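Undergrad: Pasting a structure here, questions to come.
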Amino acid sequence: MYWLFLLTIALHWTAMQMKIHYSANACLLPICSLYGAAVTTVEGVGSTKTRVHPVQERLAKCHGSQCGFCTPGMVMSIYTLLRNHPEPTSEQMIAALAGKYCHFLICSTHACTENSWVLLVFFLFKVSTRLFSTDEFQPLDPTQELIFPPELMRMAENQPKRTLFFHGERMTWISPVSLDELLDLKATYPKAPLLVGNTSVGPEMKFRGMFHPIVIAPARIPDLNMVKCTDDGLTLGAACSLSLVKDILTNAMAEFPEEKTKVFSAVLQQLRTLGGEQIRNIASLGGNIVSRKSTSDLNPILAASNCMLNLASRGRKRQIPLSDIFADGVGNNTITPEEILVSVHVPHSRKGEYVSAFRQAPRRENALPVTNAGMRVIFEEGTDTIKDLSIFYGGAVSTTVCAKQTCRTLIGRHWNKQMLDEACRLVFKEIALPGSDNGETVDYKKTLIVSFFYRFFLEVSQSLKTMDPCHYPGIPMEYRSVLQDFKTKMPQSIQIYQLSQSPQDPVGRPIMHQSGIKHATGEAVYIDDLPSVDGELFLAVVTSSRAHAKIVSIDTSEALKGPGVFDIITAHDVPATNEFYYSDDPEIIFARNKVICVGQIVCAVVADSDDHAKQAAAKVKIEYEVLEPVILTIEEAIQHNSFFAPKRKLEQGNVDRAFETVDNIIEGEIRIGGQEHFYMETQSVLVVPKGEDNEMDVYVSTQHPAIIQEMVAASLGVPANRIMCHVKRVGGAFGGKLLKAGLLASVAAVAANKTSRAVRLILSRGDDMLITGGRHPFIGKYKVGFMNDGRIRAVDAKYYINAGCTPDESVLVAEVSLLKMDNAYKIPNLRCWAYACKTNLPSNTAFRGFGFPQSALVTETWITGVADKIGLSPEKIREINMYKENEQTHFKQKLDPQNLIRCWNECMEKSAYYSRKTAVNEFNKQNYWKKKGIAIVPMKFPFGLGTRYLSQAAALVHIYTDGSVLLTHGGIEMGQGIHTKMIQVASRELNIPMSCIHFCETSTTTVPNACASVGSAGTDVNGMAVKDACQTLLKRLQPIINKNPKGTWNDWIKEAFEQSVSLSATGYFRGYNENMDWEKGEGQPFTYFLYGAACSEVEINCLTGDHKNLRTDIVMDIGCSINPAVDIGQIEGAFVQGIGLYTMEELKYSPEGVLYTRGPDQYKIPAVCDIPEQFSVSLLSSSQNPYAIYASKGIGEAGLFLGCSVFFALRDAVTRVRNERGLKKTFTLNSPLTAEQIWANCADDFAEMVIGNRASPSLFGPDPSYH
């Protein structure tokens, strides 16, 4: 769970008692560890029933929450910071939210990027903005905060400390109070882990099935919490949290001269990006060291810095260098099982000593490193002769390793180019990396190992020059920027929109999200927040471990013996439909005779607790017989001709003849990886049998209640009218909660039917990612013909999408990729095919953008390819080929591109594109190892669902005799603010305040047969239905209003009731008249078009491939916005999700089809550090849309594609690197454009040394002294 506790703990700090506040992830905090702590959850900070705290108020009213699932965590982080620092610095603000997922912030969960708004909250005690009024905000008054409970204070002061014993069902927790007692316990239980922060033991128990019958928790022992300043450094207790270590070192940096603090500085550098604030608050220094994990960012620098470990066992104390525990690799037994790490001594640095730390990770913050390093050199006094050298690496093998042979060889050498050449050769040879077993690329790690030393060489060389400029030349000016790592800065955001209506009209105003306050107080209810039902059971699924195999047998005997196990559910327990045939191939609830992917549900365990269910599920034994072929990739599907029907084709003009007349032809291929939905609320369902007539209430997190109702009813063999599906809100969806949610709901419903008990199914993050699939991986192959002036005359393309093992929505995705492939360009001669590949991966499904983000990226790729070929800039090629007049698309639908041109021109102007491009050129001339890039990309996004029945909608509006209005409709609230907008619509139509209108839930009992909330259509279609219902009611009321025009709303309603006028009405919208004839290749599948443009600027580090998003300017045509705050949030959120798709989110599979990247440790989505430092969103003014409610446009999906402006800015930077290095060969960048791919395409000599197996690099830059 993402919820955060705030803990206020009384600690004795030397002679003074202090109260400290810190936030922590609840999932990592054993309840036993909270003895003596005051725990405050988000509900305790403030609530609607008591008082909403100023932080909660600001977060909600400043539009910092939409889906709301993670908002309590944001509140707790900000609240804790303000408790500790009422006037926080910008660095403290950034640190408090570092690593927070950006998708979950302004729009929704993989989309929300509310972080740019959340960061504003810090300023909102002083600053105002147009999107909200600060006049109504409560002041932040520290005197009104919760006090530390006096009884806990007295207990801390007066009660003697005693050993705590907590006995659970399977394990015992022991918390000693003295070092001697701890040593006795460790001697008695040598295999018992010591647990302080639970950041290592906890995940191992939860995710790797490790079990410890005895756990020893030494956090209360004073010796392990000591902090001592000595003449030669600092001694820090092993139980000190990393946050405390960070604070201590920060204070020491201010107190001691720079010469003494180089070690402190290097350790601090690693601490700033190690985990997030909540992790550092509980993780301990000692735990980080003794776990000896290769991913530790601290161990290499602590080892290189000659830190010492103070160890103790019964009757013995000793001190060893920290480096000793890594001397012989993972088998090292320097610390015996009965020994305890008591403290760590971190030494002062001295004159002539230089210390540095390095790391490269998939994301700069809160991400495990690909590789890290710690390095230290000491010179003979007054010289550059190496006296001592230490080089340690992490992330390379299974623990921290030392390049000791390299270090020995280099002692006595001068710090010069010859030493550098030899050092690179020696390090490369000494640090041997094993082959990858988890999808990682070894070449990248090897290059980082060498380039980190090169970076260290540059740093030390420059420091030597600073010390003695007469004797040491330092490094060339153009190298110096690479010495500075990218830092996360406070984003500066601008939002521009237009207000034109009367002050009384709520439509068009930035209204706060209807549930915003409840999100911020934790009172918003999601599926797993629903109270437990009497006799409720918990369900855990058992999934296939094979990609394609026959099920030989299922042995459930051991599982059934588990405590609390009630039953095991298989395909034999499904009363009716187990396979749903929406096409030729079925969607399957339970595998019956064979499995067709890893992660397919084979059976399920129901038990009296979630833990018991999962423990039993792990004991189910399934025997398989492997079937052939096992198809995992698109290439393998093509080889085996494995496709879902039908294949689709669109063609216009005469493509073959056009290719004969063009001046140039390019051919190419681009691969686009898949993307995990990563909604914060995982797939969740609670099924409650009602006890008669086969009725069931199904509470589910879904975008499509009607399909849930249909599938559950079919699986149970009952009419749909017996299944009542309820959805209050959804904690993010992005297309991932449609058919998959229906299958999982059916699993739970079958279990509830068999047991006659309520059943709750909440997937873990790992299971959710394993089972559900995501965005389709994509290969685009293209041939493009064009003239020398840049006019594109012909395109022949083929698209292949990896559909997975069942059809789901894949053929539709393929169709949409064809229909939207032109993006913003007129292509006179076009032929394009799309194939949905049938493979043995979990079935991929709908995802925000639905094929457009992939096919349009292919188009923009060949646009840049054309530019490269003829020497024009990409923006010129885009302008030359852009739609300019009233024209027809390649499927013969008319469009007016006027607003496309306006968006492009405004984006050019607002971004100051050409002047910034000049500045980028100047920067690149002056910097060798860092380069900037800039790109501007247009967008045409067609709106529509392809056929009329998919966009029909209904609403139900009741008016009660007190004048209050109850509104419901078929749309689902999942972060996009649909309920807020519907209330705005009803408020305008009925001409009453929004406060009079309430929305309860979406339910199949009130609005039947509702279409899915997909395709950005929710507001469009449901808004029309709500408007229709309100107009029906107003028409009934009109005679009463005419008779009493000066009466009030309540007067009219009372009179209507007395006149027996119906105060309830349904509204209906038939849907848009959309159609597509695939035989003819023409139609009108869309109702209107959205337009936009985005300009992004980036900076890359050529040595590591890391990059920084500097600035993005977006101009979007969304018609007349119903709620600018929500819509801008959708644009920003979608854009950041697009950054994830195109630059960092990478799914990796084993050769057997097992997903490696399950969970946030392995799969990285954008965080605060990935938001552009300057982020501007402008809504195109004076835009009208006659086809939708109040001239608005559906905005949920379109902005995601604009994230590719970052992709092409990165491409621009890489191109500049290659041009400077004389690399003229055509190159292709695939998506996601990760740091590894950026590094590989920069093609420096470190990469050549690794990939080409050259003895040593011969080129370190343009300066001859470094050749």
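Start at 1 and count along the chain as shown; that gives each residue its number.
Cβ coordinates are placed from backbone N, Cα and C, and glycine is handled just like the others.
Those TrEMBL annotations? Automatic predictions, nothing curated.
Sharing the feature lines straight out of TrEMBL:
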type: SIGNAL; residues: 1-16; note: signal peptide
type: BINDING; residues: C27; note: [2Fe-2S] cluster 1 binding site
type: BINDING; residues: C67, C70, C102; note: [2Fe-2S] cluster 2 binding site
type: DOMAIN; residues: 166-351; note: domain 'FAD-binding PCMH-type'
type: BINDING; residues: 194-201, 284-288, D297, L341, R359; note: FAD binding site
type: BINDING; residues: Q703, F734, R848, G1015; note: Mo-molybdopterin binding site
type: BINDING; residues: F850; note: substrate binding site
type: ACT_SITE; residues: E1197; note: active site, proton acceptor
Undergrad: Using a Cβ cut-off under 8 Å and a sequence separation of 6 or more, which residues in the same chain sit near V196 (FAD binding site)?
TA: A217, P218, A219, A238, A239, I282, A283, S284, G286, G287
Undergrad: For F734 (Mo-molybdopterin binding site), which of these recorded positions sit within 10 Å, Cα to Cα: C27, C67, C70, N288, E1197?
TA: E1197
Undergrad: Out of N198, S200, N288, Q703, which of these binding-site residues shows the lowest number of other CB atoms within 10 Å of its CB?
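TA: So among N198, S200, N288, Q703, the binding-site residues given, the one with the fewest Cβ atoms within 10 Å is S200.
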Undergrad: For C67 ([2Fe-2S] cluster 2 binding site) and Q703 (Mo-molybdopterin binding site), what Cα-Cα distance in Å is obtained after rounding to a whole number?
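TA: Between the alpha carbons of C67 ([2Fe-2S] cluster 2 binding site) and Q703 (Mo-molybdopterin binding site) there are 13 Å.
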Undergrad: In Å, rounded, how far does the Cα of G1015 (Mo-molybdopterin binding site) sit from the Cα of the residue listed as 'active site, proton acceptor'?
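TA: Distance between the two Cα atoms comes out at 7 Å.
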Undergrad: Of L194, N288, E1197, which recorded positions come within 10 Å of F850 (substrate binding site), going by C-alpha to C-alpha distance?
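TA: If one measures from the Cα of F850 (substrate binding site), the recorded positions that come within 10 Å are E1197.
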Undergrad: Could you state the whole-number distance in Å separating the C-alpha atoms of N198 (FAD binding site) and C70 ([2Fe-2S] cluster 2 binding site)?
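TA: For N198 (FAD binding site) versus C70 ([2Fe-2S] cluster 2 binding site), the Cα atoms are 22 Å apart.
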Undergrad: Around the Cβ of F734 (Mo-molybdopterin binding site), how many other Cβ atoms lie within 10 Å? Please give the count over every shown protein chain.
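TA: Total other Cβ atoms inside 10 Å, all chains included: 31.
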Undergrad: Tell me the Cβ neighbour count for L341 (FAD binding site), meaning other Cβ atoms within 10 Å of its Cβ, over all protein chains shown.
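TA: Result for L341 (FAD binding site): 23 neighbouring Cβ atoms inside 10 Å.
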Undergrad: Please tell me which one of the binding-site residues listed here (L194, N288, L341) sits closest to R848 (Mo-molybdopterin binding site), measuring Cα to Cα?
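TA: For R848 (Mo-molybdopterin binding site), the spatially nearest of the binding-site residues is N288.
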Undergrad: Measure between the Cα atoms of every pair in Q703, F734, R848, G1015, the residues the record assigns to Mo-molybdopterin, and report the largest value in Å, rounded to a whole number.
TA: 12
Undergrad: For the domain 'FAD-binding PCMH-type' (166-351), provide the mean pLDDT of the predicted model.
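TA: Looking only at the domain 'FAD-binding PCMH-type' (166-351), pLDDT averages out to 91.
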Undergrad: At a 10 A cut-off on CB-CB distances, which of the binding-site residues C27, C67, C70, L194 has the highest count?
TA: C67
Undergrad: Applying a 10 Å Cβ distance cut-off over all chains shown, what neighbour count does F850 (substrate binding site) have?
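TA: F850 (substrate binding site): 24 neighbouring Cβ atoms within 10 Å.
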Undergrad: Which of these recorded positions is closest to N288 (FAD binding site) if you go by CA atoms: C27, C70, Q703, E1197?
TA: C27
Undergrad: Centre the Cβ atoms of Q703, F734, R848, G1015, go out 8 Å, and tell me which other residues of that chain have a Cβ in range of the Mo-molybdopterin site.
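TA: After dropping the recorded site residues, what remains is A733, G735, G736, A846, F847, F850, S1013, V1014, S1016, G1196, E1197.
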Undergrad: Which one is it, among the recorded positions C27, C70, Q703, E1197, that lies nearest to L194 (FAD binding site) by Cα separation?
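TA: Looking at Cα distances from L194 (FAD binding site), the smallest one goes to C27.
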Undergrad: My understanding is the cutoff is Cβ-Cβ under 8 Å with a sequence separation of 6 or more in the same chain; which residues meet that for E1197 (active site, proton acceptor)?
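TA: When sequence neighbours closer than 6 are ignored, E1197 (active site, proton acceptor) has R848, G849, F850, F852, F941, G1015, S1016, A1134 within Cβ distance under 8 Å.
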Undergrad: Relative to the Cβ position of G1015 (Mo-molybdopterin binding site), how many further Cβ atoms are located within 10 Å?
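TA: That number is 24.
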